[in-house]
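Inspection log for the structure reproduced underneath, given as structure tokens.
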Amino acid sequence: MPFKCIFLTGGVVSSLGKGLTAASLALLLERQNLKVAMLKLDPYLNVDPGTMNPYEHGEVYVTNDGIETDLDLGHYHRFSSVNLSKYSTATSGQIYARVIKREREGVYLGSTVQVIPHITNEIIEVILECAKENQPDVLIVEIGGTVGDIESLPFLEAIRQFRCEHAANCFSIHMTYVPYLKAAGEVKTKPTQHSVQSLRGIGIIPDAILCRSETPLSNEVKKKISLFCNVPDSAVFNVVDVEHSIYEMPLMLSREKISTFITEKLGLFTKQEDLSDWKILIERLRNPLPNKVRIGLVGKYVQHKDAYKSVFESITHAALSLNCAVDILPLDSEDPHFLEALEECDGCLVPGGFGIRGWEGKITAAKLCRERGIPYFGICLGMQVLVVEYARNVMDLEKANSTEMDQDTPHPVICMMDGQAALVATGGTMRLGAYPCTLSPGTKVYEAYGQSEIMERHRHRYEVNFDYIQQLKDHGLNIVGRCPQQGLCEIVETENHPWMVGVQFHPEFLSKLITPHPLFVGFIQAALLYSKNKSHV
């Protein structure tokens, strides 16, 4: 096997941070001059998370090739430089669909199709396909869910088989939670012992145990885990809850020397990772910054931060690059009093979304920003909000709307894209993935990007109606970015406003801590200027 494989499983509880751990490991290995690929295996039966409720699953992250994926792939992107595509994700739904399709085609020649060997073989095939596509030195495979869940069993069995065949090239990390009982004044290792016992019962013996805890674990506790989980002392690692930011995780793992331990066990003798640039940014996060802005994020899933995970992170990236602290204020567009809080903000961001709930509240937010000169950034649905508000209140088009919200609107300034109306299925049928966009010179977005040709990722069915584009321009709402292939409106800017920009794509999917997205940087710069001007009034 020409590549090494790291398997990451989780036990005791869900939401341990396996995705962040996998992303951090990818960064550390890349900084050792290794080429890394990543694969997320999710046990749920949905084909993808594209139609799942954000309250249940969080945001949907979209790759360049138009695949709707788990938000963990967003972590992979923000921490590392791995190439993410359809080969980087697989769900039980996809695996079963592939097997059933082959059965219908007669591939199995009349055999009884079973979880073992057919489903497990398909999972192994997915792993090999990812490696073949990316040709990595190391492939990191994260298995969603928790050891002990019924849904995870086929994936764990597939890993067991894979490890049997390629033992020298595989490394298994089991991540667990070590709780601290305040009443007893001590940490408890028993849940970790039982979790490892369950994993061993399946036939997987972990090569390392990564213990998450609220406080650092003593050497005595680590030795106890080592003894009862049958791994060497040196194979027990500890990560504590981060103090300031998730971006501290790679530094924490680096101090634990886990990547060095892994590479030595796999026979990959590389240089020590260089994280000097990362450390500089983390120091900024830890220390008071000279400037601060407050950004109002107006949406309908604001009670669940994971629903807008990439947006939150992109704002942080941009602010940090400008040596600026940021206070992100989630505002529910259905709250009758949210405008009072928005008035105190230095900028407003309306992210993507679907459906009529909270729609009118978002329009009132755009109106407030336009009239008060508050910087406004509309993403996907947020751009459509900007256009509808402008049509109603500047162009005097009474009851202008999107046909998504009102099929009978007299002024459909936002309408469904050609070809979408005939589609019956909802999953995977939108305009998805990266498309080119040509920017108009002399505009705010051109200034932000510093170039005229860009590529951005999309996830939408609706667009600005061609029939209203000239009217919009005549009234001061300029179309400053278009798709050269179809002429679709991708970016709008309002004249005579400090920064009122709407984009049909999702720039948050491209932002990283090291390289923040230029539009988010431009937005935070405008918010900083607004804040300074406001303080002098």
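Along the chain as shown, the residues are counted starting at 1.
Just so it is clear, glycine is given a Cβ too, placed from its N, Cα and C backbone atoms.
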Candidate sharing the CTP site with ASP149, ILE150, GLU151, LYS188, THR189, LYS190, PRO191, THR192, GLN193, LYS224 (per Swiss-Prot), from SER14, SER15, SER24: SER14
ATP binding, same site as SER15, LEU16, GLY17, LYS18, GLY19, LEU20 - Swiss-Prot member from ASP72, ASP137, ASP207: ASP72
Under 8 Å by Cβ from GLY353 (L-glutamine binding site), same chain, sequence gap 6 or more: GLY299, LYS300, TYR301, CYS380, LEU381
Non-site residues, in chain order, whose CB comes within 8 A of the mean position of the CB atoms of SER15, LEU16, GLY17, LYS18, GLY19, LEU20, ASP72 at ATP: GLY10, THR21, ALA22, HIS75
Integer Cα-Cα distance in angstrom, LEU16 (ATP binding site) to GLN384 (L-glutamine binding site): 37
Cα-Cα distance maximum in Å, computed over every pair in TYR55, GLY353, LEU381, GLY382, MET383, GLN384, GLU404, ARG461 that the record assigns to L-glutamine: 23
Same chain, 6+ residues apart, C-beta under 8 Å of the C-beta of GLU142 (Mg(2+) binding site), given in sequence order: LEU8, LYS18, GLY19, ALA22, MET38, LEU39, LYS40, LEU41, ASP72
